[in-house]
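Pulled from TrEMBL:
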type	residues	note
TRANSMEM	20-42	transmembrane segment
TRANSMEM	54-73	transmembrane segment
TRANSMEM	79-99	transmembrane segment
TRANSMEM	106-130	transmembrane segment
TRANSMEM	154-172	transmembrane segment
TRANSMEM	193-219	transmembrane segment
TRANSMEM	269-287	transmembrane segment
Amino acid sequence: MSLLLAPEHRGLTLQLIGELRLPRILTAALVGAGLGLAGLLLQTLSRNPLADPGIIGINQGAALAVVLALLLIPGLSPQWLPLLGLLGGLASTALLWWLSRGTAAVALILMGIGLSSLLSALIGCLLILADSQQIAMVMTWLAGSFAGSHGDPALTTLGWAALLLPAGWLLCRQLAPLQLDPLSSRMLGTPVALLESLCLLLACALSAMAVAAAGTLGFVGLLAPHLARALHPPQPGKLALPVMGYGALLTLLADWLGRSLFAPVQLPAGLLLALLGVPVFVLLLLWQQRLRGK
């Protein structure tokens, strides 16, 4: 570190910061903000505080599409990955919606967990058919790593985030009627079907952006909205910006800890988020079940 701070190496230091550190920090923040906002949209849409892109299979559907493309089309431009992830996420979401129609909110989550496991198994089957070099690349990416967040991938993430994050914020400002039951929302003249479709599409697009940038990062979409609700007014329009902030903080913290705890060995941010998110998810599930039992 002292060598890099020496005056004669200042140019190299600035180059490392500009080409590696800043793009990685920016990508981690944008991915976290996107996942947090996707979680808020899904929780508002399903009226279920346990909804999360990683839990109900959206991330895995996006990851399956991206992995399939990476294995079948070597040298595929990173600009295409978010679009492919969006198609995979939409397909998995449509399947989940069809399977869980007419069921309770907790049943939606449980079916989502099952679908997520199935899609993860399909990804594993694809990796068995891949060669060793492809397996190493895909496994590092699937673990939720920001190590490759520089150059074209970082610019692609920035471009998608510049489009999707403002759109998600504007949509959240229109979602207050969805906090009511569907009948009351329609009686107020709310275009419920349109808002629900936009919520689903934007949540899938935000998740696809995150998956394309850093692989599967779980529980950010679950934790960020809960942190925001604990500290801010519960209306979706007032939660959107805090949720994006908390989501960005979670991924930045996970990436920093992954680089610092066992340096020079780097742990993927996705592993640390899973270690934090799983116990929180279990506690939230038990709490919701207790509320339903009262």
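Here, residue 1 is simply the first one shown, and the rest follow in order.
Placed from the backbone N, Cα and C atoms, the Cβ positions cover glycine too.
Counted as Cβ pairs under 8 Å, contacts with the transmembrane segment (193-219) are highest for 20-42 among 20-42, 79-99, 106-130. Ranked by the number of CB pairs under 8 Å to the transmembrane segment (154-172), the listed stretches 54-73, 79-99, 106-130, 269-287 are led by 79-99.
Sequence-distant neighbours of the transmembrane segment (79-99) (same chain, 6+ residues past either end, Cβ-Cβ under 8 Å): 53, 56-66, 69, 108, 111-112, 115, 119, 152, 156, 160, 200-201, 204-205, 207-209, 211-212.
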